[in-house]
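In TrEMBL this protein carries:
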- 23-59: domain 'Amino acid permease N-terminal' (DOMAIN)
- 69-90: transmembrane segment (TRANSMEM)
- 74-542: domain 'Amino acid permease/ SLC12A' (DOMAIN)
- 102-125: transmembrane segment (TRANSMEM)
- 148-171: transmembrane segment (TRANSMEM)
- 192-213: transmembrane segment (TRANSMEM)
- 219-238: transmembrane segment (TRANSMEM)
- 272-290: transmembrane segment (TRANSMEM)
- 310-330: transmembrane segment (TRANSMEM)
- 389-409: transmembrane segment (TRANSMEM)
- 441-461: transmembrane segment (TRANSMEM)
- 505-538: transmembrane segment (TRANSMEM)
- 567-714: domain 'SLC12A transporter C-terminal' (DOMAIN)
- 720-936: domain 'SLC12A transporter C-terminal' (DOMAIN)
Amino acid sequence: MRLRTSALPRGMREGDNRRPSIYSTMDAMPHLEFYANATATGRIRRSRPSLETLRKAVDVSHTAQPVRFGWVTGVMVRCMLNIWGVILFLRLSWITSQAGILLTWLIILMSVLVTSITALSVSAISTNGRVSSGGAYFMISRTLGPELGGPIGVVFSFANALACALNTVGFSETVRDLLIYDSQIVDSINDVRIIGSITVTVLLLISLAGMEWESKTQILFFLVLMVSFINYFVGTLIPATPQKQSIGVFGYRSEIFLENLFPDWRGPEGDFFRMFAIFFPSAIGILAGANISGDLKEPEIAIPRGTLMAIFWTTVSYLAISSTVGACVLRDASGNMNDSLPLNFTEACEGLSCGLGWNFTECQQSGTCSFGLSNSFQVLIQVSGFGPLIYAGIFAATLSSALAFLVSAPKVFQCLCKDNIYPYIGFFAKGYGKNNEPLRAYLLCYIIAMCFILIAELNVIAPLISNFFLCSYALINFSCFHASITNSPGWRPSFRYFSPWTGLFGAVISVVLMFLLTWWAALIAFGLIIFLFGYVVYKKHCQLTTALPVLLYLPQCLVLTGPPTLRPALVDFVGSFTKNVSLMICGDILMDDEKSVSQRNSNEMIKWLNQRKVRSFYTSFKASDLREGARHLLQASGLGKMKPNILVMGFKMNWQESSSKGIEDYINTIYDAFDSNHGVCVLRMMDGLDIRDELETEVNQAFEVDEAIESDDQISDADSDVDNRKNTVNDQIKTVFQSKQGKKTIDVYWISDDGGLTLLVPYLLTRRKRWRRSKVRVFIIGEQQTMENDRKEMKTLLQRFRLDVHDVIVMTDSERPPLAKNMRRFEEMLAPFRLNEGQLDERTAQQQRTEFPWKVTDKEMDALRLKVSSEKKVRLNEIIRRNSKYAALVLVSLPVPQADCPSSLYMSWLDTLSCGLHCPVLLIRGNQQNVMTFYCQ
């Protein structure tokens, strides 16, 4: 049936992807766009109606699409350029001379081990939800919380700004060294300042031009580096001229390779860890892609693939260059053409060079050799086929790294400023243009970089850089370990090649390396982080409450069990998905003024829960009725973030025999839960939940198939009398939820989009041993002509959620009329609660409408027939009974009652939806806010 535009809610216009649920035209069916990031720039925002404004519309706005990058240009190329730097061209050959080829490879592989483990952790976090702009800070703050995320955001953005200054000064020093051969501007120090200031200003202008221009510039740098590498490897194959041989370059020689295979420590810096400390900063660029995660097309795919590929190829390049240069160049050479040996020489000659026709003995013994691996930093330039191309490579490596850091620092700092963790920094949160560019943060980063460029002393700040990055790696690895080991329900990374123990190992080794490299810099880094951490904790200034619950949402349940001993199935069911994960409170509402609960009875209830191995609190509350008691428990239970967000009740099996007040109390309790923005779950079992009759008659036949229904029409199913408490504390009745479910299915009828709670509960259940082999099936409403598209869209959404769902089934026959006998059953069930106005005069009818608001009037029934709302619920029950005959558990979306819906009518709907099934049925509804999403915020 096609709805006209006028019949749709405002905001749900034709052309909108949202479709109304069969429950109501105002309710919405599940849709992928509901879980899109509201703050992600350039994305169309669609939202489901809230509980409060279920009848109102949310306008759909359209914004210009920003530039997005794939995994190659956005991550891999950027990371490779950030990893390659001055050390590759000017220090790697010297490290090879000191440590030898074997230990140099060990240094490289140790560095790669740290970065690879961190890359696995970054991949796990980035696939645990679609990350927004902010990179490492965003990942840590949304996983470990703002207390640790805030300090590392400050430290990491500051370290990126300093790294920009370092690479700029490295470029400036290379240019200065070239100028020394011809002329100087002022002197060696001021030349670095002048060149560095001009360079960082040009880089700032490139960054301000936008990410598209910045990405094109990076590609240009990448191509220059590729040409310089080719130039170097070609140079190793060209036969060495006498001029090259005089400076120690001989081409590939096995004797040179064997000589350079082992270490030859020289000078005060000649030890393994000093070489490691010098090399490690060349591997710190692995987060360059993650830092611009907000500008990537698919961050959850691009970050793992691009980062790991960048590490692989840069590692290959480091290993190849260290081994080839060690096979081609001597450690010592004089550069003097007169040191060549004649064919019949008689003078004293020592060392490997003698067999190659050169006598470098004199400079070796006096320590005056100016060339060779141990004495010159220009070896790669000397080996290459055309030296100036290596200079071009040095310029490309330093400038590309400086540009990447200049872009990363403002992006991270902007995300930090948006969260308002620290005061006085909100000014820098503002973004401009379609890419939300942080222009103010760019200027701040430029000023910081300029200050350190003017110092022109790299050795003063270099130790802090490595330690700050290692500190970031340690926290990233620890965040993954923490999320995995605590079994957080929000931790569902689709990246499978991660172990919590590798994360812990990465965190420990990063901290150890911080102190091995520069212990005083490590103390400074930790001191700064502890200070920033203490400020956040002390001031409680964090404003992340709108973003954190998505990944950190926990189903914290207030369960109206009455005495827990009388409803063990309800206790076991909720305990199945809250144990060791979240909060569970068993609420007992006492409605008899003559009775009170002693401390002994409360202790007995807790003892019974402990014996049953259920992690739950128990609380009782005296109230005049169910609604009052539930309202007070919802408000008073829990503390801080450990407060219930879901109300769980048992289904009122005896509602047709209950008084009008009992029905009103029960339904109004659901109303109040929705009004206070809580989710609601109603559990129904075929023979009810209360086992008092079994306890009285000492009959226990697995309880789930032999349970009586209470007949007290004054007391709801969740609020029974407490007379039988004393003799039942030690009775441990086995319920269906304590048995292994085998390969039975958990069937989820996701009729209305509620934010994902309907899917979260079965996911948490399947993490338990008893339910692990159960297969989850998701049923959705659809039409025959669009069935495949509906199925494909739902599978895409479930894959984004990282949920392992066995099958998605599209129900295309929900619009068919129900069987006549089932419709008659519904009408007969509702008949005692009808107000037959046609048989009464107007005055009497008006009086009864006032006295019995819970009854259903003829007008309401006529309206319901026009909307065929009741027929659709009867039809849905027929579909459920047909498809879920052998299921272990059925979950059905709970309809949200309208304000003017009579309680008896709503109760009949709940009865109709859940009747006729032998397995437990859970009517469930979230609070219309995302509890599962493929975005991190």
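Positions of Cβ are set from backbone N, Cα and C atoms, glycine also.
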Paired segments the transmembrane segment (272-290) and the transmembrane segment (505-538) in contact, 3+ CB pairs under 8 A: yes
Result, the transmembrane segment (505-538) in contact with the transmembrane segment (310-330) (3+ CB pairs under 8 Å): no
Residue numbers, six or more beyond the limits of the transmembrane segment (389-409), whose CB comes under 8 Å of its CB atoms: 78, 81-82, 84-86, 88-90, 135, 157-158, 160-161, 163-164, 167-168, 170-171, 174, 178, 199-200, 203-204, 206-207, 211, 214, 217-218, 221-222, 224-225, 227-229, 231-232, 285, 287-288, 291-292, 380-381, 441-442, 445-446, 449
Stretch-averaged pLDDT - the domain 'Amino acid permease/ SLC12A' (74-542): 81
Intrachain residues whose Cβ lies under 8 Å of the transmembrane segment (219-238), provided they are six or more past its termini: 73, 77, 80-81, 84, 251-252, 317, 320-321, 324-325, 328, 380, 383-386, 389-390, 392-393, 395-397, 399-400, 403
